[in-house]
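Enquirer: My questions all concern the structure below.
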């Protein structure tokens, strides 16, 4: 099955409410959509959201990487030699992880369609349902508690709470108010998005431990490049610490695992450059006895479906952060994963299971 066409288009989908973290506020989910057509007539789909403050990718840079570098190298290639294709994607240019991830998605989609199996089964097939958390954006303690209570009513038993934007006293007040409103049975995991200094993180986490707030884990408490600070927080607290922005590549995962700087790793396809890099990170983590979560950027159901296929395939991936499509006003794609409250069911169709998209106003073909 040979690649005969690679196309991109742009989409923009409004969120139902602003998504706020310590790093940014998002009002609209923007993405570059990739479509690879094969000589069999099959179409593979991929998605790359621009996340400048995390991956450094913009809409223009994603399209440029795809059309000026990846597309010329891939046209005419056969999926029978997919290992060489994946190597080319990762080594033809540095960085540009979201562009690489989107092209890889469309290739894995085509590969699994060629084999006649859902992608998650091709990759390991460990499970066919997932339980996702729901993210509570940074706002006042009262508004965050109200949001948390609303998500609980929708069936979510695990909430991911954004912190790190203000002082630690305000963050602790947020968690106290949320815990009071949702009760003790709901899992609360925190994400500081690099918003604390190491000493602040240790102080905040210890205070929450002493208050009995029952925090499941704290994600990326300190700056992504401060592995010594991350390790300090990990060693000084009882609450499990998860590395997120500190781990893009397998090499960075190796450094975190070797130094035991974190207890857990959050893998995202947009950081890892696609499924091939994500598999390497998870394999190393599993060899070291470290469990992984798979999360995402603000993506449509297309990108989340690809991430869910990867996550569903692996035993060592034990936590899932796939709420982004639920934040959007419009479901752009047909097919893919389905939601029932917090439960995600994997599609049974070959490949990703995406069967088409409704073109949005202003979508631009390249």
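Glycine is no exception: its Cβ is also placed from the backbone N, Cα and C atoms.
Swiss-Prot feature annotations, pasted as is:
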- 162: active site, proton acceptor (ACT_SITE)
- 268: active site, proton acceptor (ACT_SITE)
- 24, 135, 160, 296, 298, 321, 323: substrate binding site (BINDING)
- 191, 219, 244: Mg(2+) binding site (BINDING)
Enquirer: Reduce the DSSP letter at residue 268 (active site, proton acceptor) to three states and note it down.
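Expert: Going by the DSSP assignment, residue 268 (active site, proton acceptor) belongs to neither helix nor strand, so it counts as coil.
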Enquirer: Which ones in the same chain are close to residue 323 (substrate binding site), with CB under 8 Å and 6+ residues apart in sequence?
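Expert: Set apart from residue 323 (substrate binding site) by at least 6 residues yet with Cβ under 8 Å, we have 132, 133, 134, 135, 160.
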Enquirer: Would you mind sorting out which of 191, 219, 268 (the recorded positions) have a C-alpha within 10 A of the one on residue 296 (substrate binding site)?
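Expert: Checking Cα-Cα distances against residue 296 (substrate binding site), the recorded positions within 10 Å turn out to be 268.
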Enquirer: Taking the Cβ of residue 268 (active site, proton acceptor) as the reference point, list residues of the same chain whose Cβ is under 8 angstroms away and which are at least six residues distant in sequence.
Expert: 244, 278, 294, 295, 296, 297, 307
Enquirer: Give the number of CB atoms, excluding that of residue 219 (Mg(2+) binding site) itself, located within 10 Å of its CB.
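Expert: The Cβ of residue 219 (Mg(2+) binding site) has 27 Cβ neighbours within 10 Å.
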Enquirer: Roughly how many Å separate the Cα of residue 298 (substrate binding site) from that of residue 191 (Mg(2+) binding site), to the nearest whole number?
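Expert: Their Cα atoms are separated by 15 Å.
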Enquirer: Quick one: largest C-alpha distance among 24, 135, 160, 296, 298, 321, 323, binding substrate per the record, in angstrom?
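Expert: Of all Cα pairs among the recorded substrate binders, the widest measures 18 Å.
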Enquirer: What same-chain residues, at least 6 away in sequence, bring their CB to under 8 Å of the CB of residue 24 (substrate binding site)?
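Expert: Non-local contacts for residue 24 (substrate binding site): 53.
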Enquirer: Rounded to a whole angstrom, what is the C-alpha distance between residue 321 (substrate binding site) and residue 191 (Mg(2+) binding site)?
Expert: 12
Enquirer: Identify, in sequence order, the residues in the chain of residue 162 (active site, proton acceptor) that are 6 or more apart from it along the sequence and have a CB within less than 8 Å of its CB; answer 'none' if there are none.
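Expert: Result: 20, 21, 22, 135, 136, 137, 138, 190, 191, 193.
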